[in-house]
């Protein structure tokens with residue numbers, strides 16, 4: 001085993017397998033945007049924005065795993081707690097979940113407007129919205145939603161070995177409430193728009209969104225279960241309370257809560273690792289770009305008639 005628990009090992013192997021593929025997929029979209037009009041649509045803009053959120057989530061995982069499991073950077077991360085490192089980590093989990101939930105909602109909304117309401121007001125608003133504005137809305141809405149929890153957060157690391165985070169009851173409740181409300185809104189809206197899209201036979205996108213929704217529900221369930229469990233123990237949002245004298249039964253409960261915490265990278269990470277797999281399996285345009293890139297073949301040039309070749313072997 002690479003680490004002390006198999007969940008972290010699985011996450012590491014998934015990162016090694018899926019993130020390079022994801023990077024190639026996103027690069028292919030970026031590369032083809034000025035060359036093919038299909039890649040300049042808001043759908044691909046949101047796919048790239050969601051990809052950035054997925055990569056940021058994985059980077060945060062890595063910065064937590066290195067000191068916790070490999071003793072790399074322990075002193076640095078412990079020192080950075082003087083500048084709010086523990087606050088950052090305790091908020092990053094729910095924040096990134098909210099960001100990806102909003103991204104899933106926006107992607108579904110864009111397809112709904114394009115396919116089901118092509119002449120409606122929503123479709124018109126999207127048509128006059130720039131790509132930059134759409135990306136800005138994705139990130140600003142998500143960060144604004146979780147800001148109340150960030151403002152009342154006063155966390156700290158348990159010790160420089162485990163790097164588990166201890167936070168207040170108020171922060172736990174506020175963060176959990178925001179996560180629950182966001183997921184309920186995005187989930188209900190996505191289901192409604194998905195049901196409408198099914199009638200218009202957007203089958204491949206529906207499959208993609210369905211699996212992302214399932215993983216979102218799994219991550220959401222984790223947060224709910226952790227919040228309930230933490231509340232029963234009367235401790236913080238992430239792990240344990242202060243080192244107060246407790247009964248043997250309470251110690252067992254706290255260890256169980258520690259065990260629950262190690263599932264988070266796997267549950268949340270799969271929400272990110274699923275994206276490149278679904279894009280490759282279900283999106284024909286991305287399949288062609290990916291195959292051309294990996295095989296070194298050429299693809300057509302710009303739509304203005306240029307004969308320039310890309311992905312050349314030369």
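Cβ coordinates are placed from backbone N, Cα and C, and glycine is handled just like the others.
Quick caveat, the model's predicted, so the values are computed rather than measured.
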* Feature transmembrane segment in TrEMBL, mapped to one of the ranges 142-162, 205-225 -> 205-225
* Please find, within the list 241-261, 262-282, the residue stretch that TrEMBL describes as transmembrane segment. => 262-282
* Tell me, please, if the transmembrane segment (262-282) and the transmembrane segment (174-193) are in contact, taking contact as 3+ Cβ pairs under 8 Å between residues separated by 6 or more positions? => no
* Please give the average pLDDT for the domain 'G-protein coupled receptors family 1 profile' (21-222) in this predicted model. => 87
* Would the transmembrane segment (121-141) and the transmembrane segment (12-31) count as touching if the test is at least 3 Cβ pairs under 8 Å, pairs 6 or more apart? -> no
